[in-house]
Every structure is written in C-alpha cells, then in structure tokens.
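Peer 1: Summarising the annotation, TrEMBL assigns Ca(2+) 1 binding site to 24, 26, 28, 68, 254, 256, 258, 296, 299. The feature Ca(2+) 3 binding site is assigned by TrEMBL to 298.
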C-alpha cells in the first residue's frame, strides 16, 4: 500500500517563540532566523507567537525585536509583526504627528481597508492612544484636507454588490457639475466619495466616463499642482483600483534618486497578505520589470531579504 507523504507542518507557536529567543541570544542577532520565521507566518500565527513569547519570556516580542534590530530592517519586521489593525493604528498615528505627518497615509488606510477592517483600526487606535483616530485627524488637518479626511476615516461603507443605477446616473451628473464648476470641495462631491459603497461608486464613475467622455480622474487634473486634487484623485483610485494606486506608490518609492524606504516598507507590509499578487502583476505590466527584481536592485542586506520574502520571492 502506497504511503502518502505528509507535508512538513509549520512549527508550533512555542517552537517559533523558542527559536526567536535563540535568535536574540548570544553575541550577534541571527537575522536570517528571524526572517525565516516571521516572514512566513500569517497574521493569526504571528499574533499567537507574540502571545506565547510574552507568556514564556515575560517580554513583548516587539520590544525584544526593537532592542535587537535597527534601521529599515527593524521597521519592516516590527510593522509586519504587528496585528493588521494595530499596524494601521500605528501608521495613522504617525501620520498625524508634525514631523511624520502624511495626509496620504491617512487617505490610503481609510480608502483601501474594508469597512470592518477600518472599524477595527479605530478600535485599536482607542486602545493604544486613549483617544479617537477621527479626533486626531480633525485636530491635525485643516481646510479641504480636513473636509475630506475626517469623513473618510469615520465612514462605515456598505460592502455588498448591490448597485442603484438611477442613483449612479444622478450622482455622476452631480460630480460632473461640481468638477465643471471647479467646486472640488463641494459638500455633495465629498459626500459621494466618502459614503457610497465601492460597488456603487464604481457604477457612478463608469456612468460618468460613458456619459461625459472622460474618466473622472482626468477631469480632476485641471490643476496638476493642486495638492488637494492630487489627494482626491488618489482617494478615488484607492476606492476603485487599489492595485493601480499601490503600483504607483511603489514605482515612485523605488524610482526616486533615493529610495523612499518608508513608503516601500508600508506598502509591502500592509499588502503582502491582501492583494500583493495583483500589485505585482500591475507593477510588471506598467514597468516591464518584476517587482521583486526592482526591490532587489534598490535595497540591500537583511532589509532586502525581508521585503523579498514578503512579496513572495522565497529564495532571496
């Protein structure tokens, strides 16, 4: 009788915790061992490893990693090890700080997470910072940015596939009218972008394209240097084609004179378990170079190994 080969099982959380502790022990840190464990465990597994590590060694794994690692490699490992909602809460909080402020990061998190994911980010924010994400965004933003970002972060969009075509037609006309009037911060335009389900928004924008002959983002390019319009266009792209948005963030991060490691790290760690395959396809199509090769050419050392493991290039 033929025997069936049993695939090697993933080590238990206790074994992983023990191996990580060994990686920290002695004179030098064993970075390869850290990558071989953490980069190959999913969010649920990483959460249990953290709990097991704290129970066994009386220290938060994140603190241990923080002591042992440094620079971009450290940031990539810490962001990856965090629970996704905690990670987004941390990135959002960082984006409201004066020296690391970024309307882009706030918009990206608000527009590319599902309603339940965004709700969990707001809960994680409460737990960690003892205040709400919305109040921090409201306090740290002004003018049109404030008007767009606060409702984006506060919304709980309907997630279903149902679409109201009558509504799509009427709202496409509203959008066209306001854009034609250059009333980019009009309450109705903001309301449609910040509250409608992604399916409904797609239907509205398809109607807009067919009826008025231009994609909405083309009409929103009237002033290419207007920072609010750039953010509004990116919000629409995030809500409709997130992989195109992330491809562009990666392209700009890698193709700059100096690599934008923060953007590169953020996109890889937040999308590796979500839509990295689609982003890789989009990147290859747009740049004629595979994403893993672009990352390999632009980074080095343990940081490079970590990113390549996360984008799915196992033999980095």
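Any Cβ shown, glycine's included, is placed from N, Cα and C.
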Peer 1: In angstrom units, rounded to an integer, how far apart are the Cα atoms of residue 254 (Ca(2+) 1 binding site) and the residue listed as 'Ca(2+) 3 binding site'?
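Peer 2: About 7 Å separate the Cα atoms of these two residues.
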Peer 1: If you skip the near sequence neighbours and keep only those at least six away, which residues in the chain come within under 8 angstroms of residue 24 (Ca(2+) 1 binding site), Cβ to Cβ?
Peer 2: 64, 67, 68
Peer 1: When neighbour density is defined as the number of other C-beta atoms within 10 angstroms of a residue's C-beta, which of the binding-site residues 28, 258 has the lowest density?
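Peer 2: Counting other Cβ atoms within 10 Å of each of the binding-site residues 28, 258, the minimum falls on 258.
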Peer 1: In sequence order, which residues at least six apart in the same chain have a CB under 8 Å from the CB of residue 299 (Ca(2+) 1 binding site)?
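Peer 2: Residues satisfying the criterion: 72, 259, 261, 264, 307.
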Peer 1: Taking the Cβ of the residue listed as 'Ca(2+) 3 binding site' as centre, how many other Cβ atoms lie within 10 Å?
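Peer 2: If we count other Cβ atoms within 10 Å of the residue listed as 'Ca(2+) 3 binding site', we arrive at 17.
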